[in-house]
Amino acid sequence: MSDVVSVGFVPMSTSAKGLLVVFCDETLASGPDSRKALGTAVDAVKRAAETSRFKGKSGAALDILAPEGLKASRLVVIGIGKPADLKEHDFLKLGGTIASKLGSGKEAVTVIAELPAGPMSPAQAAALAAGVRLRAYKFDRYKTKKKDDDAPLDASVAIAVRDVAATKKAFAPQNGLVDGVNIARELVNEPPNVLYPAEFARRASQLSKLGVGIEVLDVPAMTKLKMGALLGVAQGSARPARTVIMRWNGGKKGAAPIAFVGKGVCFDTGGISIKPSASMEDMKGDMGGAACVVGLMHALAARKAKVNVIGAIGLVENMPDGNAQRPGDIVTSMSGQTIEIINTDAEGRLVLADVLWYVAKKHKPKFMVDLATLTGAIMVALGTEYAGLFSNNDELATRLNEVGLATGERVWRMPLGPEYDKQIDSQFADMKNTGSRNGGSITAAQFLQRFVDDTPWAHLDIAGTAMASPKSDINQSWGSGYGVRLLDRLVATHYESK
């Protein structure tokens with residue numbers, strides 16, 4: 001992964017080197033250790049704040065070169081706004097602000113993890129460190145020539161805390177979680193000639209090093225299972241399909257697992273119903289759901305989560321050739337239900353149909369959550385700030401909404417109902433794979449619901465959040481890694497053994 005920042009924790013008494021970072025509120029007040037570290041430079045800070053009209057607003061930063069009275073070569077004062085308003089996600093964002101101030105080349109950074117009232121808690125300092133790593137991620141593997149102002153970053157960030165041991169303990173699961181997010185980002189950012197189904201499966205299989213059980217289904221295995229919906233999508237590509245089943249057994253032996261299913265269309269041309277050429281290159285990211293599931297499984301295994309989990313991803317390419325699926329074809333899914341193909345560019349739901357059915361019937365999970373860059377319609381409805389949430393279970397939907405608000409990876413519940421079924425009724429088969437333009441994200445979810453049977457289930461349409469979403473305080477990457485933090489928190493809060 002393109003991780004260019006190392007983060008560690010040191011005692012508050014550590015002398016600052018290179019760049020010194022402190023925090024202040026809207027009154028420009030800092031904590032006692034911060035004031036001690038600043039020494040006589042406090043006056044220089046006040047003058048600079050007045051000159052630049054720095055007010056200590058949340059996320060605002062005052063950058064001072066060679067501050068008088070300090071051995072540090074740079075001083076950055078970051079505003080926190082009103083301390084009483086700070087929530088967990090705000091510390092991630094503050095960490096992102098730190099990362100945004102890092103220069104190119106080697107740089108030593110000391111951060112005083114302190115609020116005006118005193119030291120940050122271990123959890124707050126851990127979130128700060130995670131925010132630094134999330135923002136600092138960069139994907140530039142294929143650039144052979146870099147501009148002078150785009151030199152490689154090699155920063156060492158030392159976060160000064162009151163209790164080093166407790167903060168390290170709090171950061172350990174956060175560190176694995178950031179690794180999981182960055183794995184998901186890396187997968188989404190890779191070009192499609194590099195990351196095709198077999199290569200994706202190979203990378204997912206590397207989770208075995210963390211104790212994750214791996215099963216890879218090739219085309220003969222899926223043919224034997226009668227996964228006709230998934231294989232129909234894949235038949236136009238020279239790159240054979242794969243389905244990868246990942247299992248983490250961290251809970252009680254024999255306890256039913258929870259399950260996460262990801263759409264993994266490694267490149268989507270639309271097939272015979274071919275897409276316009278403009279922005280087709282973005283369809284390398286049509287496997288954002290599968291990338292999230294792999295990143296999530298890494299995060300859970302890295303912290304040895306006390307829960308049994310299944311992660312399943314269907315990996316295909318949707319390509320046009322003489323053997324490609326045609327509009328008008330009828331395929332038989334693993335469930336035995338038949339599907340008339342109206343539009344070959346409505347392929348993700350076909351992939352998910354077979355993988356959802358496989359997981360529901362073979363592993364009998366307590367619930368399933370699927371993630372998919374499924375419809376452009378969800379972007380019309382929600383833009384790029386929220387993922388669409390569809391569910392047949394109110395408790396699961398409520399929990400997803402709550403952890404979305406806590407992590408900043410927000411969801412918005414959309415309707416399901418039998419009234420929408422008529423849009424996907426077929427004259428020739430049990431159903432067709434797309435309806436009218438109206439309510440397109442809803443009818444896609446309504447289609448998926450036919451393949452979960454009675455299993456509690458939620459569908460996250462992440463077309464607007466997984467890739468090319470707006471850059472934020474903690475993400476500057478085209479592939480955002482959306483969903484890893486959301487689902488990790490869902491598991492930790494509601495489903496792990498305490």
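Here the Cβ of each residue, glycine as well, is placed from N, Cα and C on the backbone.
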*What does Swiss-Prot list, out of Asp268, Asp421, Asp425, Asp430, as binding the same Mn(2+) 1 as Asp345, Glu347?*
Asp268
*In Swiss-Prot, Lys263, Asp268, Glu347 are given as binding Mn(2+) 2, so which of Asp282, Asp286, Asp329 is in that site too?*
Asp286
*Round to the nearest Å and give the CA-to-CA distance linking Asp286 (Mn(2+) 2 binding site) with Arg349 (active site).*
12
*Three-state secondary structure of Asp345 (Mn(2+) 1 binding site) from DSSP?*
coil
*Restricting the comparison to the recorded positions Lys275, Asp345, Arg349, which residue's C-alpha is spatially nearest the C-alpha of Lys263 (Mn(2+) 2 binding site)?*
Arg349
*By a simple count, how many Cβ atoms lie within 10 Å of the Cβ of Asp286 (Mn(2+) 2 binding site), its own Cβ left out?*
28
*Determine which residues of the same chain, besides Asp268, Asp345, Glu347, have their CB within 8 A of the center of the CB atoms at the recorded Mn(2+) 1 site, and list them by sequence.*
Val233, Val265, Thr269, Gly270, Gly271, Ser273, Lys275, Met283, Asp286, Asn318, Thr344, Ala346, Gly348
*Sorted by position, what residues of the same chain at least six away from Glu347 (Mn(2+) 2 binding site) have a C-beta under 8 A from it?*
Val233, Val265, Asp268, Gly271, Val316, Asn318, Asn433
